[in-house]
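The active site, nucleophile annotation in TrEMBL covers 87. Among the features that TrEMBL reports, active site is placed at 183, 185. Under the heading ATP binding site, TrEMBL lists 236, 237, 238, 239, 240, 241, 242. The domain 'GMPS ATP-PPase' annotation in TrEMBL covers 209-401.
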Ligand code: XMP
């Protein structure tokens with residue numbers, strides 16, 4: 001069996017900052033492998049097993065002056081590896097190692113709480129931690145703290161100060177402990193990446209976390225996990241499940257069968273494209289489950305968005321299970337779970353958040369079917385999945401695709417779903433996407449689609465009256481789909497696209513452009 005290479009790992013202990021994931025992003029960009037774990041899970045035994053080459057303490061909303069506030073196990077300071085504390089992490093370090101932290105006053109009276117942009121000037125420039133810093137005398141940083149360090153711990157020196165943070169950068173150079181009051185991982189600390197780069201160099205990371213290495217390791221891991229058993233993979237045609245399927249196929253070949261459920265709510269030619277790519281190009285055994293009649297039948301007359309979503313989710317699980325049961329001896333279910341889905345966030349607020357939309361997923365399915373999970377993308381961020389897809393030779397068209405929701409066109413067809421409306425929607429969507437591609441805008445946009453509206457309006461074409469559907473074009477920019485802005489197309493583009501849709505798509509005589517951002521809107525219409 002192939003030996004699984006073991007990478008040097010960096011451990012990020014999460015104290016609940018909103019931006020902990022950004023620390024991981026910065027490190028991955030430096031080709032350093034890291035994992036985020038909530039502080040509650042990091043015990044002495046965990047540390048001994050994880051064997052980090054370096055540790056970073058994230059920021060967090062609590063106050064170290066509070067009895068019972070979050071702490072790492074004290075053995076982290078005797079591992080003999082470099083530690084970097086950020087914001088709350090800095091205060092944890094100081095408090096643990098014999099310094100002092102005080103609550104800041106937010107306004108007036110010489111308060112030292114600081115929120116927003118600040119400038120740090122150097123107090124010492126010789127440590128390699130500061131390589132590439134202070135070239136222009138000062139550095140812009142992003143501060144966001146209520147408490148402040150009032151006395152640094154023994155062994156620490158001051159490396160940088162800001163008007164409100166005399167201990168903006170401190171270090172114990174002997175032990176390679178570094179502590180900064182600001183957030184080097186955010187965009188508003190423009191040179192922050194350099195500090196991470198210096199830190200990982202000091203810790204001896206080689207920067208060998210590449211997609212080539214990942215591919216080889218992931219294949220070895222899949223083989224070790226699966227042995228000679230069979231795996232089922234639900235394929236949606238999206239990037240994540242496609243990359244997972246090709247990777248697993250490379251690892252175990254014919255032991256993998258993909259199941260592609262066509263619910264009749266896919267875009268124009270989508271089903272055919274998926275089938276051709278996987279069955280014909282990759283030779284991956286594929287069950288094409290044409291279940292359009294079932295889904296569209298059950299959705300007949302349904303207009304409530306949540307009922308639509310729940311109906312599709314329930315049918316999807318039933319159908320998937322039915323087809324999966326025909327694969328004899330399958331013991332594993334492959335899923336394209338990504339790292340952001342895996343990170344256990346530290347919740348300080350408690351209480352469930354409001355359900356805006358029930359997302360379509362197959363959670364609960366593995367237990368129900370008695371299957372074990374294979375999740376080869378669990379350690380990757382979305383852009384890393386794309387990089388892996390390229391490494392595996394998937395066509396750019398698949399890799400760069402806009403996200404497409406599980407319930408498909410159902411949630412782009414407010415009101416009742418009919419086959420006729422879906423057909424009109426597919427055609428309009430194809431023209432719109434064609435326009436976007438022709439104008440070279442596809443990659444600038446996070447997601448673009450047409451929604452067919454449940455109203456018909458009067459128009460005039462030639463000499464005749466028309467009474468057809470109105471549609472809305474949607475295009476947004478976003479980083480993660482959590483927030484979004486509408487895309488600022490030119491009027492020329494919008495005018496040209498509206499003309500093409502009305503001319504080329506029978507059934508539509510009015511085109512509108514949706515200029516709602518998220519929040520207060522959502523990306524999809526339902
Ligand atoms: P909203 O509409 O909530 O969408 O702003 C945010 C992102 O999530 C996608 N989306 C889904 N993806 N299953 C999915 O896999 C779903 O049920 C689902 N609903 C929305 C949406 O397309 C956008 O990218």
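Including glycine, each Cβ sits where the backbone N, Cα and C put it.
Feature annotations (TrEMBL) mapped to structure.
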residue : record                   : Cβ contacts under 8 Å, 6 or more apart
87      : active site, nucleophile : 17, 58, 59, 60, 144, 145, 180, 181, 182, 183
185     : active site              : 19, 22, 23, 25, 26, 86, 192, 196
236     : ATP binding site         : 260, 404, 406
237     : ATP binding site         : 260, 266, 270, 273, 274, 398, 404
238     : ATP binding site         : 336, 401, 403, 404
239     : ATP binding site         : 382, 385, 386, 389, 398, 399, 401
240     : ATP binding site         : 336, 337, 338, 377, 385
241     : ATP binding site         : 233, 234, 235, 335, 336
242     : ATP binding site         : 235, 277, 278, 389, 394, 398
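Listed in chain order, the residues near the ATP site other than 236, 237, 238, 239, 240, 241, 242 are 235, 243, 244, 336, 398, each with its Cβ within 8 Å of the site Cβ centroid. Within the model, the domain 'GMPS ATP-PPase' (209-401) carries an average pLDDT of 88.
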